[in-house]
Amino acid sequence: MEPSKANEDFLIAKAHAKINLHLEVLGIRSDGFHELAMVMQSINLSDQLKMIKRVDNTINLKSNNKEISNGDDNLIIKASKLLRNKVENQELGVDIELEKNIPIGAGLAGGSTDAAATLLGLNKLWKLNLKTDELENLSKEIGSDIPFCISGGRQICFGRGEILEKLKFDQIQLGLILVKDPSIQVSTPVAYKKYKDQFGESYLEDDRDFEIKRNSIRSIDWSDQSLFDNRKEIQNDLQKSVRPITPEVEKSLDLLSSLPDSRLVSMSGSGPSCFALFQNYDQANKVLKEHVNEFERAGLSAWACSMMSNGVELRNEFI
């Protein structure tokens, strides 16, 4: 894939993964989906998408990961066609080359952040001039995590994850060690079903109760660094059902909890990725280097990551 001569005809998007700093399952909505209360955070484990504008209307995708479909079931293709339909211009085309670094089926929104990067990138490449909130609303049609991934940072997320309340503060200093056993994936629907089977009797039943819970989440100062010192109000409900039946998650959480200077240790989303928070990136990276052999012996892939204030970065150059 070669770029056109004009810079405006190609760009690169970095699509950041997310972790769940907090995840509560509140109950079942009238549409049958679970009502959630979450705090999500972008991190600098990222996929890269190279996009080149075509002179015809072909939408073409290729990737360095052979497990990834390049057909209509891929969220990148869905996002491209959704945007094209939105502006009612079927003549638009693009070549997209995906460098996949975020693990698949890991609870890190890898597919969702790729779709978010596609929407933001093509909005610029195709000169559509849609606003961010328009893209967020549009993206709800194909995925609940995509609206968050479009703007990223740290946000409170309600509903299925698509109702966003942005959190604003100057610095996000915390670092983390993220781990995943590459041999397994966890099915999100299975995780939610397991949780419902175990804890469904305690579900809240009406919007008034949901709103009380939402206000409780809103009342917390999510910029307070001390909040993440394994305090009881920070939780991932799905961890309660996934951990006992997934030895790889149990192993990951135990190893992370044993690390020096680790703060909050948790599973992300429906798993199986898990993370430990540290005071900053440098501390996380130092601990990872000192314990890399332990992760290798446990069969875990591990990354030291920073927290990001955005979900996607765009630039008009190849590297």
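The backbone N, Cα and C atoms fix where each Cβ goes, glycine too.
Database features (Swiss-Prot):
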- K18: active site (ACT_SITE)
- P103, I104, G105, A106, G107, L108, A109, G110, G111, S112, T113: ATP binding site (BINDING)
- D145: active site (ACT_SITE)
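Structure with Swiss-Prot features highlighted.
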| residue | record | DSSP (3 states) |
| --- | --- | --- |
| K18 | active site | strand |
| P103 | ATP binding site | coil |
| A109 | ATP binding site | coil |
| D145 | active site | coil |
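Its Cβ placed at the centre, G105 (ATP binding site) has 18 other Cβ atoms within 10 Å. Of the candidate binding-site residues, P103, G105, G107, A109, G111, the one lying closest to K18 (active site) when CA atoms are compared is A109. The residues near the ATP site, meaning same-chain residues not in P103, I104, G105, A106, G107, L108, A109, G110, G111, S112, T113 whose C-beta sits within 8 angstroms of the mean position of the site's C-beta atoms, are A17, I102, in sequence order. Listed in sequence order, the residues of the same chain lying 6 or more apart from G111 (ATP binding site) and placing their CB within less than 8 Å of its CB are N74, L75, I104, G143. Of all Cβ atoms in the protein chains displayed, 30 besides its own lie within 10 Å of the Cβ of A109 (ATP binding site).
Note: P103 (ATP binding site) has non-local neighbours G110, K180, P182, S273, S301, i.e. same-chain residues 6+ apart with C-beta under 8 A of its own C-beta. All protein chains shown were included, and the count of other CB atoms within 10 Å of the CB of T113 (ATP binding site) stands at 32. Here the C-alpha separation of A109 (ATP binding site) and D145 (active site) works out to 7 Å. By the criterion of other Cβ atoms within 10 Å of the residue's own Cβ, the least surrounded of the recorded positions G107, D145 is D145.
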